[in-house]
């Protein structure tokens, strides 16, 4: 009954019937309380969004798989200390992190969220050494600003490690040519077994605790349903991480003493389900529960003498059951010889036996399943002739194909990683050049297009960013990642109709997405309804308390309403979530600048500039703060850098003219303003500043002319008052008072 219940639970998990799986698994654990069944029950709870139930039943469990799932449950419950303790138990230099790369990745996430940057970088690096295809770890590493560590992990070192692994595999397979007339299951190509073994051995290459070439073995029943989308390390490795875009791992690294079968992400059935399910059909062999017991105690291969094996399948029922199993194994590849097909009816080509119940056993339940020839005429050589993948050369060929595919994937990730790394360091032009190296089918995906659009947004090229974001949405309309940035682009372009349509579309698509409510908030902010916009941004934070950008948008709304104290709180919360979020540092600087706390403004603008050193806006505002502190020489240098960074940005040219005027370099200031007038012909502040300069040069007619033009351009109410005061005092000789717009 245990095997039947277990298979039923796994079947329900595979088709997402979590309520049914939970009910059946509770029956299973009531009758057969074991560590594996406990893990399966906790998985049912976890998949049903009941992390607290998984937490309570797994508390105190010592096995690696239970500790990993317990850590996921703790993470969802925001209990970071317990999650980290579970992953690091038992503490010590020789302790193993469960699930290898996935475990180290989770430790990195915990350290990042608890503001331990160096520890997080170390864990992410270790995860990528074990699994170079773990993109989520690379992404977080770049977001932390660890450029040096990230640059080498997808480079020549990873390629060299992959090539060394291929050579080692070739040598290992050559040593198998002198084996007896039997084909061990861990070298038998079932379509994904050799690939999963190769992945496992490559993933463990960086860990001294793992064998460089470990045998693929049949794990317990849990691993069977794990690899087919059910519970376990591979399928739920990052399912609890709601902060990272639901990126899932393609494979995991097995820990020492674990019987989990690592399988490629696309082949979720794996050896455990392809073979394990068929094994239940045998009448004299052990049940799948017995297999689990044997798989934990002895992880080594056993060869079955073919003479003894023939005795073990004399009963008709066993022979019939075995025929069904062997048919599943071999029918996937068409036979080239009708003679072999005829012989398969009279004598089986191979069998799956257990040393726990048949001859050749070394202990009850302690054996692993092997595929052996059943007669002299149908020996291993016949199987090799029949199935190209069945021979050592065939397995090597399949492994070689996988290695070539791995190199291709590594090259693809290297280009993506280069572009994403440049973007995280705000080298936007280099990021766009890197992404342009991608094949067309990869470049024309929503994720890549959103990254390119984000780079355009950082370069303040809003029209191009809008075009690329629109193309990304055309390709994948349901893709909400980047919708908040897209709404900001539309906000700056003052496209209220497009922004309103985007807001309605995103909210209708997913009302529980924080991005959707940020879009809605930007829509109302553009209409100057700051209180309603603030409510929507706060709604986004209710849905995801770690959504950094929503904190910054809240701060902007508070500043617009001149509630500076609340604005400071919001910006500080954003920095607490992500210390590299330069927008929040900039927001703090603007508040202090408006409060005339110029020293504090300078500090926060410098912090923002350290993160994004190519921002024209940040250079300009830091120059303004230095000018207010009478550091005009350094201010001019920064304003020059701001102009070079973005020649289309009129603000640094205006501020440079303002500094030059304060230095009484009137001719230079007028030259700057004449150039600026060509770029921004309808900017009233430019003409107002020119009028002030002409007044100081004692040209009242020219000053009056420019003041009138400034009034005709319909400035804001505050600016109108300043211009009128300047006109009234036009003939006052000692009116050298500086007035800021």
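Note: Cβ is positioned from N, Cα and C throughout, glycine not excepted.
The compositional bias 'Low complexity' annotation in TrEMBL covers 344-356, 369-379. Residues or ranges marked as compositional bias 'Gly residues' in TrEMBL: 357-368. Sequence annotations record features per position, and here TrEMBL assigns region 'Disordered' to 291-320, 336-390. Annotation comment: TrEMBL describes 514-547, 548-581, 582-615, 684-717 as repeat 'TPR'.
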Overall pLDDT of the repeat 'TPR' (582-615), taken as the mean:
96
So what's near the repeat 'TPR' (514-547) in sequence-distant terms, Cβ-Cβ under 8 Å and 6+ beyond its ends?
113, 242-243, 480-484, 486-488, 490-491, 494, 496, 499-500, 502-503, 506-507, 553-554, 556-558, 560-561, 577
By DSSP, what is the split of the repeat 'TPR' (684-717) into helix, strand and coil residues?
27 helix, 0 strand, 7 coil
In the repeat 'TPR' (548-581), how many residues does DSSP call helix, how many strand, and how many coil?
27 helix, 0 strand, 7 coil
Give the residue counts of the repeat 'TPR' (514-547) per reduced DSSP state, in the order helix, strand, coil.
27 helix, 0 strand, 7 coil
